[in-house]
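Per TrEMBL, the features are:
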type    : residues                             : note
BINDING : Ile6, Gly7, Leu8, Gly9, Ser10, Met11 : NADP(+) binding site
DOMAIN  : 2-95                                 : domain 'Pyrroline-5-carboxylate reductase catalytic N-terminal'
DOMAIN  : 157-251                              : domain 'Pyrroline-5-carboxylate reductase dimerisation'
Amino acid sequence: MRIGIIGLGSMGQMLVKSLCKSGVIQPEYITVFNRTREKAENVQASHGILIAESAQEVCDQAKLVFLCTKPLDILPVLRELSIPESVHIVSVAAGVSIDDLETVHAGAVSKVIPTVTSQELHGVSLFTCSSRTSAEDRNELLTLLSSISQSQEVSEVEIETATILTSSAPGLIAGILDSFAQAAVRKTPELDLDTARSMLVETMLGTALLLKNEQLSFDQLIERVATKGGITEEGLRVLDKTLPSGFDELFAMTESKHAALKILVQKQIKA
């Protein structure tokens, strides 16, 4: 099966790198198009994929096409193309619903929310498929996603919140860890900041492996570390006072951002 990728921003390039690294598909079966050809040539030099002369050429050649443009470019790009009904269109953009995609393509459409951690063949890729998507089309998509990450099918009601937990989380976690490291250095200036960051990265990796490999719940791991009346228990009490409201505010803010984006997409549809 030949796949296509339109748009080589961070997510488009991540898909190329991850799919080639996993070996699920050979590079010569990946056709890409990017408005800036130089970027496509750089990706080709690194991975050996094929470059199309236009987005239309990608759709003419591929059975499944990942559309990796900005959210407000998705529908305009699709409207410019004459896409065979047999082509499975997969959008990776937030704010554009399955119903929105079906206004411009009569065939199978799906949404995927990738994660940058797929470059290491880890993380969670979210996906949801339209009613027009056949079992064969769904399974082909699932095979690709499962080769680069854990795949999780979600409803459109769930996908925005789940996006924060998966696609946004690497950046959020990095921000949290950096704040943690800087607080440590403020407390003990003799501690080097890079050393503090490195400690946290290794600790985060070990924590994730422990949770996954021993199938521990968060509470079970806390019980292993936080002895009654100990330092960790006191630290958790501080976090219990401050973190819940912070995370509630985070989800409220992202919900507002998604809502604003949806309004702009609906204006495009009605235009």
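Yeah, the Cβs are placed from backbone N, Cα and C, and that goes for glycine too.
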If you count, for each of the binding-site residues Gly7, Gly9, the other Cβ atoms lying within 10 Å of its Cβ, which residue has the minimum?
Gly9
Can you name every residue in this chain, apart from Ile6, Gly7, Leu8, Gly9, Ser10, Met11, with its Cβ inside 8 Å of the center of the Cβ atoms of the recorded NADP(+) site?
Ile5, Gly12, Gln13, Leu15, Asn34, Cys68, Thr69, Val92
For the domain 'Pyrroline-5-carboxylate reductase dimerisation' (157-251), what is the mean per-residue pLDDT, to the nearest integer?
97
When neighbour density is defined as the number of other C-beta atoms within 10 angstroms of a residue's C-beta, which of the binding-site residues Ile6, Met11 has the lowest density?
Met11
